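Okay, so here's the structure we're looking at.
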Amino acid sequence: MKVEELRIDERIKEVLKKRGISELYPPQAEALTSGILKGENALIAIPTASGKTLIAEIAIVNRLLKEGGKAVYLVPLKALAEEKFKEFKDWEELGLKVAMATGDYDSKDEWLGGYDIIIATAEKFDSLLRHGSSWIRNVKVLVVDEIHLIGSRDRGATLEFIITQMLNRAQIIGLSATIGNPEELAEWLNAKLIKSDWRPVKLRRGVFYQGFVFWEDGKTEKFNSWEELVYDAIKRSKGSLVFVNMRRKAEKTALELSKKIRNFLTKKELRELKELAESLEENPTNEKLAKALQGGVAFHHAGLGREERVLVEENFKKGLIKVVVATPTLSAGINTPAFRVIVRDTWRYSEFGMERIPILEIQQMMGRAGRPKYDEVGEAIIVSTTEEPSTVMERYIKGKPEKLFSQLSNESILRGQILALIATFNFSSFREIYDFLERTFYAYQGKDPYTLEDRIRDIVYFLLENEFIEITLDDEIKALPLGIRTAKLYIDPMTAKIFKDTLPKIEKDPNPLGILHVISLTPDLIPLPYGKKELPMLEDEYYSFKDRLYFELDWEDERKFLRAFKTALVLNAWINEVPEGEIVEKFNVEPGDIYRIVETAEWLVYSLKEIAKTLEYSQDVINYLETLRVRVKHGIREELIPLMELPMIGRKRARALYNAGFRDLESIKNARPAELLEVEGIGAKIVEAILKHLGREVKIVQKPRKGTLDYYLHP
């Protein structure tokens, strides 16, 4: 179907023409003529790279141009929010303003009222609903990308609560991978189901077993090893994406492939890859990445820093990196297709031991094969070492993905959501809570909300006992200040209880390590794991720092305690300005893990401070916690705090300024630019920016130094 034939605003057609889109894929045409443009709900369950986002874009923009109002586009990951934000920016030329909202869960963000299209993570939007942001009543369209995550243990319940809240308030468009029970999900949403297996690039799937690829069409092809599949793709000037089940395996595999693949590269490519490797910040994880990069290979997992992940994704898309070995984080929606996808593992470790990776996830990995516009066909191959190819084929290639089931019974999330219903949506009786639950996917799947009755009563009594709520003489449930603050902080009531119980000890004897250990014990922070080899070090450190902790080692739950303790030690090293590389080496963590726990820890220290305020602790306690929050955010000692308000100044530059004698803003403001330029890591642009921030406009013209080539060319 031609774009011209669509009954949409002509201005939309112009923007699509500029993008080079004149024809729609069959599932796009089906979706856009199904009633979605008339405001009807839709569930679009089609393969990866079949143009789901474009359907949502056209539906949103057409509706907003016609009626005004707002649209919210929900994504599961911050990185995906950034990607979608860039895509939606195209529509600003039609006068629609696009904003992105992630993180900071303690804000109404009324500034978003000035925007038309808001890209947000589910958790952020859930927190905005709790804060009662006034602009939400103007939301006409809610798009839920990766809606199949409603079946995920971690985030499913949050997504389900959001959709239940918005079902009768806005048009719902769900974008999903191929799932086992789309009809059931569509019926709950009262949505038209658009289901298709059509792909813009044909997908050829097979199983590698004992030296042969057994293709689903019955053909076989000989390859001496699975690695030969990668080398073969490179000889054909194509890239490969290899999925493995563990970070360490991703790194090891990338380094092994790199040794051989460098022989296939041109001198120009080797030179560019060397430059890329040299641009990485120094730390043990990046050393391995740099080594792999020099052979045209990279690994990609959640332990990489954000900049490194972006660098890998962009250079793989460009074709400079030939192979990426990834854990399934890359298959979670980030747009990085490859000609050939190789799935090395169909099992993974979990807290319950080894378990099969779900069919849905394997099929999503395989769906990354084939790059629209570049490949006529994409190839996805599962490597089997023990199972017969026919068994693997039946299960993962011909098999139907698992059905989605509501995760509303997840106690931790249910605790927070029930408090939110009482504290921010003013539900005042058990009856109202049950009525709400009757509208959920949980109830739709035939599960009687009253089967949750015992659990809900337990949660309500927990909230009552810990002074989050009260029950009046008229049997009305009312939120108390602690309950209201906890719901708006977007933390688990159990976290708030731990804070409440520990604050008297903190007031008596405040110390950073003890506080960092407390927040690491809460359900809102996933603590760092540790291996057997680390146990002696952790036990030694525990006996050294025992007096600083507010909890003693619980031998019955030693693992939980020591994971939290290791996390606290990492955070403590971070706020004492231990270089990142040293932290990575000493504590056997990855840079990405440091960023993850720092971001969550800052939020939890802030929440602890807010709970202290609500419970009317002294200003000294509140100031102490605010100082610690800033230290956690920037990774600095206390004396550097005044310097952190300067633009372009991070922990390293702040320390360099301090050590050079610039210990406060006044001394920097009164300094000569030449003095500031002598500080390590401080260049002309930075001097101009920090002085401008302090009210001094300067323009620095740097003359070339004597003896340099530039001096002779431009004396």
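Placed from the backbone N, Cα and C atoms, the Cβ positions cover glycine too.
Quantities reported herein were computed from a predicted structural model and do not represent experimental measurements.
Under the heading motif 'Q motif', Swiss-Prot lists 1-29. Taken residue by residue, the motif 'Q motif' (1-29) breaks down under DSSP into 16 helix, 2 strand, 11 coil.
In sequence order, LYS84, GLU87, ASP145, LEU175 are the residues of the chain that are 6 or more apart from THR53 (ATP binding site) and have a CB within less than 8 Å of its CB. Here Swiss-Prot flags GLN28, ILE46, PRO47, THR48, ALA49, SER50, GLY51, LYS52, THR53 as ATP binding site, drawing on sequence analysis.
Taken together, the residues in the domain 'Helicase ATP-binding' (33-197) have a mean pLDDT of 95 on the 0 to 100 scale. Residues annotated as domain 'Helicase ATP-binding' in Swiss-Prot, with sequence analysis given as evidence: 33-197.
Under DSSP, residues within the motif 'DEAH box' (145-148) fall into helix, strand and coil as 2 helix, 1 strand, 1 coil. Look at Swiss-Prot and you will find 145-148 tagged as motif 'DEAH box', backed by sequence analysis.
Annotation source Swiss-Prot lists domain 'Helicase C-terminal' at 229-422, citing sequence analysis.
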**OP:** For the motif 'DEAH box' (145-148), find every same-chain residue at least 6 residues outside the stretch whose CB is under 8 Å from a CB in it, and list them.
**Re:** 43, 52-53, 56, 73-76, 80, 84, 159, 174-177, 179, 185, 332-333, 360, 404
**OP:** Would you list the other residues of this chain near ATP - those whose C-beta lies within 8 angstroms of the C-beta centroid of GLN28, ILE46, PRO47, THR48, ALA49, SER50, GLY51, LYS52, THR53 - in sequence order?
**Re:** TYR25, PRO27, ARG199, PRO200
Original post:
Same-chain residues six or more away whose CB lies under 8 A from the CB of GLY51 (ATP binding site)?
Top reply: LEU24, TYR25, PRO27, GLN28, PRO200
**OP:** Enter the number of other CB atoms within 10 angstroms of the CB of GLN28 (ATP binding site).
**Re:** 25
